[in-house]
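Annotated domain 'Mce/MlaD' per TrEMBL: 40-117, in sequence order. Sequence annotations record features per position, and here TrEMBL assigns transmembrane segment to 6-27.
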Amino acid sequence: MRRSNILEIIAGSFVLIFTIFLVFFAINKLSYIKRNYKDCYKIHGLFTDANGVGVGDSVKISGVEIGSITGVSLDKATYIARIDMCISRDIKLPIDSSALIASSGVVGSKFVNILPGADPKLISHGGKIAHTQAEANMGGIVDKIIGMFTK
């Protein structure tokens, strides 16, 4: 065989192995999501800005994943972003809990962080998190800091 044919076979083998690995990883990730969140209850929150948050992103308490985002849409009555979430049934959220959009770092993925309240009443299936906060706009913060020093 010629040298170029051998190189093509080796390159093709690497592409095939990488593709098989990628498909395996995707199936494994999807089955993990289904396995962990098939028994969940749905809640939602209204946020003034849901930029960067998408379906499949995490919902966390204290850095521990407790659910996932199942939908991001616009509430046509208020023109505010609605984020639908699926929360594991073994996590009971008090009705006075709050939610905020956070980042996993400067350029990391975004997620919804839940801060549990203390009320004995719990958010039920289909319930709403009343207290929400969008992620802080870093551009606006930088502008304010620069404005403080230029006065």
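Sequential numbering from 1, following the chain as shown.
Backbone N, Cα and C atoms are what each Cβ position is placed from, and that goes for glycine too.
Computed over the domain 'Mce/MlaD' (40-117), the whole-number mean pLDDT of the model equals 92. For the domain 'Mce/MlaD' (40-117), the DSSP-based tally of helix, strand and coil residues reads 0 helix, 46 strand, 32 coil.
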